[in-house]
């Protein structure tokens, strides 16, 4: 074989090898493409099933919180949550907050709170003793967790707020703006649905605890006017975040602030703060048409702070030590009442629950049950009610619950900031225990030194 033939033969062999290799590569590509198409096709077929399941789950999850049941019979209070946010905040990213409250849907309970746009142990925590600023926002996190940027959900810009769930979506009410012209922004499922303008131009404010929902309608109480004299008070009825009706209370010589409201047998009862001249708590109860009754808790076991020593009560405002006050709550059971209050008569310290079997209508100071919650040597603060509906608990009654704010920092302690943690309890008809569940943080922090 001459050299030219050798070259032609070698070239032919290389060409054949190249063609075979190319065909193998093409076959490999086709095989991969077919395999991918089959997998993609399977995924496309599965997605409608997944979406169908998701939509079905949502449809089942959406209910109407009827609120028609009565409050559950209870004999005491079982501890429900404690977030330890100040202790955790000494080294972790935890919001500076005040006015925490709890509200439950048919699926979960969440802690709502008013931030100061700052974290604990940070320079922006300085001066956060101030109640109303443009930096304050309503946020929420799962109950029992310390509120941080990593687990919290923005709800509204607000220095006064309320929130509740009707079985379909969360309703939030956030008040912000200047003292002489604040506006409440209503959101339903996170979307602005309505607004309420200050009608007396004097610090429009609301509950700082959950609103109450019955049969798809939700209700709240707002105040506008002096904190130390006659003000104006309105009940609002809302449906899917829109105000459908309101009524102004005819309540001369009454003072309502920061009401704690709950449903009971299809009606709403609110127990509030008298910052003008009452050391006992005013109440307002109303039906779904906003037909209302008003009064004061008659018991000689006084519920506000500051207050006189227990004695003879009144079904009107108790004037001794009646000025100023603190947000609180009570639960009515017929003529009886569970009263939550600070242990101290003149400072926001300690907390206890007292059962007065005749206290809603009777003026004596006798009671049959007292359960310690926080020792008098530890700080407390605001407190308020919330409920767990049968749709959440599976019970045939509405479970009464309450939370207590444990304020730390200014003005009572040597810090540059004011914040708080919270604890909560729910009513049970079984064994409970009296103890002290204080905030427990060691102050001052590094930023305070």
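In case you wondered, yes, glycine gets a Cβ from its N, Cα and C as well.
The candidate list 250, 264, 304 contains one residue that Swiss-Prot assigns to the Ca(2+) site with 274, 278, namely 304. Following the DSSP three-state reduction, the secondary structure of residue 278 (Ca(2+) binding site) is coil. Our reading of the substrate binding annotation (98, 132, 257, 258, 273, 348) yields a largest Cα to Cα distance of 20 angstrom. Recorded residues residue 258 (substrate binding site) and residue 304 (Ca(2+) binding site) have their alpha carbons 12 Å apart, per Cα-Cα distance.
Scoring each of the binding-site residues (98, 348) by how many neighbouring Cβ atoms lie within 10 Å, the top position goes to 98. Less than 8 angstroms from the CB of residue 215 (N-linked glycosylation site) sit 64, 66, 67, 68, 266, 288, each of them six or more residues away in the same chain. Using a 10 Å Cβ-Cβ cutoff, residue 68 (N-linked glycosylation site) registers 14 neighbours.
Residue 258 (substrate binding site): 25 other CB atoms within 10 A of its CB, across all protein chains.
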